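For 1-21, the entry in Swiss-Prot reads signal peptide. Feature annotation from Swiss-Prot assigns disulfide bond to 41-124, 213-218, 256-261, 278-305, 279-330, 298-303; the stated evidence is similarity to another entry. Taken from Swiss-Prot, the feature active site, nucleophile covers 174, and the record attributes it to similarity to another entry. Residues or ranges marked as active site, charge relay system in Swiss-Prot: 202, 263.
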């Protein structure tokens, strides 16, 4: 997997950046990479599975949107849980190891109902092929369709199970971050309001580097948008949220020798923040050419802790986050906000 990511994003990044999250996949299927060698990553809503985690289903169960009532929680007329909807990225799955760990942290610490959207075929993970990385442009195009699926599922939660939008947050990694943004746009179009929060974990860079708000994750897609940047090669290196955390300057991460490792670290960092064993502190950082404010000078009104409580801090903008190599990754000099 790491080798494939490196090949895709280092060797083909310039080609892929000509693609975009199109409404019409015909453009992408007729693209320069489609010459009979690309996998068929065509999106079909029927292929999507929902991995549902709760305290009585800690290992998760697999459901389809059409058969939710097979799980007793969805036999109720109202769901009162806080809900986290997880959306994976390219070549991944809804129950990948890192998402599974995050889901279990969410149900253990905060009793969330966690729903991980598995769109693996549309993300080109359903194939045992050496050229599946060439399906990236199709996966990019599929993000809008998956976003609409998530929005439609949200409508079901709101209207059938009386879940307020203020109880729903989306957490997306890589392409899943932009998918979350498209879902956020769609629920507003459906006049459902805004999600409480979207957390974009190293939002994908290739094919999104020059995109404006309508075609990527944007700070207007939820009441609060938090972005955690960990790879300048695989992720976007510009602000997309209410707060943008640049971990280790957002370039590469301690202990990582490959871009895919840094890209994935965003998921691991958030999981540790959910566990609340420590606070990864973001200190104001205006630009790459400026010096971040020292952590020792941090106060609650100027700095922000990464994670589910970030919205409780008043500061917004760009933040530098120092981290250690090993979990729980704290490098906060004993400062508490």
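Even glycines carry a Cβ here, placed using N, Cα and C.
It is 16 Å from the Cα atom of residue 213 (disulfide bond) to that of residue 174 (active site, nucleophile).
The DSSP secondary structure for residue 41 (disulfide bond) is coil. Spatially close to residue 174 (active site, nucleophile) yet at least six residues away along the chain are 88, 89, 90, 92, 201, 202, 203, 204, 234, 235, 263, judged by Cβ distances under 8 angstroms. DSSP assigns residue 263 (active site, charge relay system) to a helix. Around the Cβ of residue 261 (disulfide bond), 18 further Cβ atoms fall within 10 Å across all displayed protein chains. Ranking the disulfide-bonded residues 213, 256, 279, 303 by the number of CB atoms within 10 A of their own CB puts 303 at the top. Of all the disulfide-bonded residues listed here (261, 279, 303, 305), 261 has the Cα closest to the Cα of residue 124 (disulfide bond).
Only 305, from the disulfide-bonded residues 41, 218, 256, 298, 303, 305, place their Cα within 10 Å of the Cα belonging to residue 279 (disulfide bond).
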